[in-house]
Each structure stands twice: as structure tokens, then as C-alpha cells.
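Here's what Swiss-Prot has on this protein:
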{"type": "BINDING", "residues": "24-140", "note": "nucleoside 3',5'-cyclic phosphate binding site"}
{"type": "DOMAIN", "residues": "309-469", "note": "domain 'PNPLA'"}
{"type": "MOTIF", "residues": "313-318", "note": "motif 'GXGXXG'"}
{"type": "MOTIF", "residues": "340-344", "note": "motif 'GXSXG'"}
{"type": "ACT_SITE", "residues": "Ser342", "note": "active site, nucleophile"}
{"type": "ACT_SITE", "residues": "Asp456", "note": "active site, proton acceptor"}
Amino acid sequence: MTTARRRPKRRGTDARTALRNVPILADIDDEQLERLATTVERRHVPANQWLFHAGEPADSIYIVDSGRFVAVAPEGHVFAEMASGDSIGDLGVIAGAARSAGVRALRDGVVWRIAAETFTDMLEATPLLQSAMLRAMARMLRQSRPAKTARRPRVIGVVSNGDTAAAPMVDAIATSLDSHGRTAVIAPPVETTSAVQEYDELVEAFSETLDRAERSNDWVLVVADRGAGDLWRHYVSAQSDRLVVLVDQRYPPDAVDSLATQRPVHLITCLAEPDPSWWDRLAPVSHHPANSDGFGALARRIAGRSLGLVMAGGGARGLAHFGVYQELTEAGVVIDRFGGTSSGAIASAAFALGMDAGDAIAAAREFIAGSDPLDDYTIPISALTRGGRVDRLVQGFFGNTLIEHLPRGFFSVSADMITGDQIIHRRGSVSGAVRASISIPGLIPPVHNGEQLLVDGGLLNNLPANVMCADTDGEVICVDLRRTFVPSKGFGLLPPIVTPPGLLRRLLTGTDNALPPLQETLLRAFDLAASTANLRELPRVAAIIEPDVSKIGVLNFKQIDAALEAGRMAARAALQAQPDLVR
């Protein structure tokens, strides 16, 4: 880790020096360079501002002096990135055509503008420059295809909004990042930045420092500590690919830099239960406690090494998830994000609470130790059960905890009966999110949530791997419970040991054939109706774990030991096949 602390000082880079550092101009002689330097115009381009749009006349080229720019195709995808020394717009000038793509500043930048007429005159007089331009055209054609992977964040702003000093936390984050690559820290004295009166002073003073740090490091942490001043805070927000905001007060301040709402944000929570209005204001992609575990998880997200675990629904078979988690964690696999549907949602919430595998398994045993949670049958008006036992068990397990206050990432999936939409729960009550996700239609009453009527997400997405894989911060392990269906032969309303006589079976079902009880039929229907997308075709899937739960009844929660062992065995096999899961 390297740290840069400096005072603002105007750089004053002259045009001749800047142009000489451009690769395509390296072969022109000093006289031509001097003549060109007298015609260029220096411009400051604020962060997020467009330098030009697709379809505009190609009336000039630009040489990047500082900052970072991206080329954006008319369809919206980014296909190239430009930094100090790169030229922008030269191909359009040579072709005499309109701009084929737009260019936008990722952060505050400085460019030198060369008029099209000036550049074409020089091009005709300099054969070596023509060769350089041909090479540049070939490079641009290679880069014009859409990128298959998201660009990783490199400049990370760390902002303190209250009285907590950022420096110790920045050191902890940088130390955690050092295990993944090289990290630099730019943290000028607060008494210096707070005294600056003009924003352009900061751009001039720190652009070169930031460019140099970015070229020689994997990540750069730019720090706006308490008392650093509003201009510096805005500068940090403008330069950053992502922001880390320190939360040390219950409610967010009235004034939050507008750029903070335009960048992906991670929260570091310095208090146990910040108000959800922080999430309303900043819509963070993740939140982490201000401790070593939280700093490590944040560093893994920044580095793209944050591992997710997504788990399928499956009734009692979902107890296998606890065995999978035990085997993975005991082998040293670190998991930061959890998500699932139905029984997978229960396991995800337990793990996101911060329980280790032993505690989670003990809690699962307690969860099923009493009477059957689905044993409060009633007149089937909205469901076969009242749902009261399920409500009490879920509330007793998760209490009033909010998803915003969980130490690890979590989501669950339910389905809205009103709209038919998939609902992804990332905010609000953990108990409510779990309860909605396990509300098997016809068996457990649905959940009212405002205008929504929520039921088990297995109807639409029993293994929401696509939801987890949409997060670009790391790979994903999937636990798939789909197996051959082996129906039981009893009646769901009778004890399993009771085998109904043929006459009674015929009276109740209209057939002599043994049919599965209604509950099993409903759960199996979920497997058939849910998405059958090929998990291996999804991006970022690191492993697919498939416990053999075919001999476990979907409603037989007393088979917990068999389910746990099935999970352990499947995870053990995955680790043997892919030892790189341990990082």
C-alpha cells in the first residue's frame, strides 16, 4: 500500500509536453510539434459530462491530458476506455464522417482539442503519422465489440459524513485489498483541502497524482475525511468508480453530494442499527459492519472476489443447505452473500445473520424439534393450514431484524399473485421476507404486503441463481435440490405409519392406486413449474452442488440428519473437484 499526501499545486502542463507524450505523435519532428502546440485548446471536462455524442460532426480530435473517458456505442454499451496520452475522435476526422460513438468522462479530466483541419493538414505532411493512425484504427476495430465482463472499479472514494475519522478504516480496507493486489491511498490533509476556494484548483492539483496512482496500482482509495470540505468531498465523489460511505449517525445528513447518488455505494456501518433512510437516500449495493470481517468483505467486493451462495427451495430437503454450508466453511471457503427461495430463503437468512455452521444447524434442529410446522390444519378456505405455527417459528427465529442490519448480504424471492411478478426482497423485515418466500399456495396462507399478495417464490424461480449472478462482484455457488420424485404412499393428514385400507383410499381418491398427498403434489409442482435454465450457462457460476436428497420426503423434517449428511457429501465432492473454491 502506498499513501500520497500533498497540497494543491497548479500543474500547468504545457501543450508541447502533453502532445509529445501521445503515442501517435511520437514520430513527428520538433518543428511540426511546435506548430501543432500553438493551435490546440485546453479544456476541462467535468465528471459524467459528454465530450461528444454519436452522430455529431467530427470537427476535432482530443488528446487526454488527465482523467478517464469511455467510448459508448449508440446501443449503450461501453467498448473502449481512454486515459492520459490517448487520442479521442481521430478516426472520425480521418474518415470525414459523423461520430460513430459518444465519449463520456468517467471523472474530471483535461483534454487538448485539435481542430479537424489542423490535424488533417499535419497528417498529409507526415507519412509516419499515417502509419501510426492505421495501427490505431486496427486497435479500435478490435475493441469495438461489447465487453463480455464488467469493468472492475479501480478508484474508490471513501467519505466520512459525520464525526468518525476515516483514516483508520481506510488503512483496514487497504490492508484487506493488499491481499488481492496493489493499493494506493490519496489522503491530503483536511486543513489543506478545506481551505481551497475553487474546484478547478483541485482538478489541476490532483489529476496527475490520481492518474499516476491508477497506472501503477490495482486500486486507488481517495479519502474525504471529516472536515475535508465540501469541494474536496465533491471532487472525491466525481473521481470515483464507487463510493464507500461511513455511517456513524442514525440518520443521513440533510446535504448529500448529488454525485453520491450516481455512483455504486457501499456502506460501512459504525453503529448497530442505522435508520433505513440511509438506504432510501443512497441505494447501496452492499453494507458492512465496521470490523475486520466487514472490511474483508468490502475488499473482496471491490476486488471482484466476493463469493455468493444461492440455494433452492425443496421443503425438508432444504435442510441439506445447512450441511453444505458446514462443509464449505470448515474447509475455509468464505461466503459473503446469500440468497434463496423457500427453504433456501430460511437457510440464507440464518447464514446472513452471521451464524456459524454449528449454530445454524442447532437452530435448525430447534426449529423442527416441536410439532410439525405444517400441522395446524384448518378448513381449506385460503390454505390447508392456518399458518400460525409457521408465523411463530419464523418470528422466533429471526425476530424483528431488518435486512438492512444483517452483517452479510441477503435476498429472498417470492411471487406476487396480483401481478405475476417475481419479487426480490432486499429491504425490510427478515421475517417478512422469509415468510413470503415459504408461503406455498394452497398449503400456507399468502402474505399481504401493501398491494402485493405474496406466495412462495418457487412458482417462478426456485433456484434464483440468475438474481445472484447479476451481482458482478464475484462468483456464485449454486445448491440445486432437483431430484427424481419419489412420492410417499400415505395420506398427508394421517401419520406416515398409517396405511389407509383400499376401500378408504378408493372413497377418498376415486382410485385404487397410491397417490401422493396434496402437500407433496404442490411442492413437486414447483419443481416442474420453476425456471429450468441451464445453470452452467449463467455468468460467474463457480460451482453447482447437487445433494442427493431423493430419499428424503419433501415434508419429512425429521430426516434432518440424512439431509445434513447429503449436503456435506455433495459439498465435499465439489471441493475435491474444485479446490480453488478455498481462497
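Including glycine, each Cβ sits where the backbone N, Cα and C put it.
From a predicted model like this one, the values you see are computed outputs, not experimental measurements.
Each residue of the motif 'GXGXXG' (313-318) gets a DSSP state, and the totals for helix, strand and coil are 4 helix, 0 strand, 2 coil. Among the binding-site residues Ala54, Ile114, the residue whose Cβ has the fewest other Cβ atoms within 10 Å is Ala54.
The recorded positions considered are Thr39, Phe69, Ser84, Arg99, Asp456; of these, Thr39 has the fewest other C-beta atoms within 10 angstroms of its C-beta. Nearest neighbour of Asp456 (active site, proton acceptor) by Cα distance, taken over the recorded positions Thr39, Phe69, Ser84, Arg99, Ser342: Ser342.
Closest to the residue listed as 'active site, nucleophile' by Cα-Cα distance, out of the binding-site residues Phe69, Ser84, Ile114, is Phe69. Residue environment of Ser342 (active site, nucleophile) contains 29 other Cβ atoms, counted within 10 Å of its Cβ in all protein chains.
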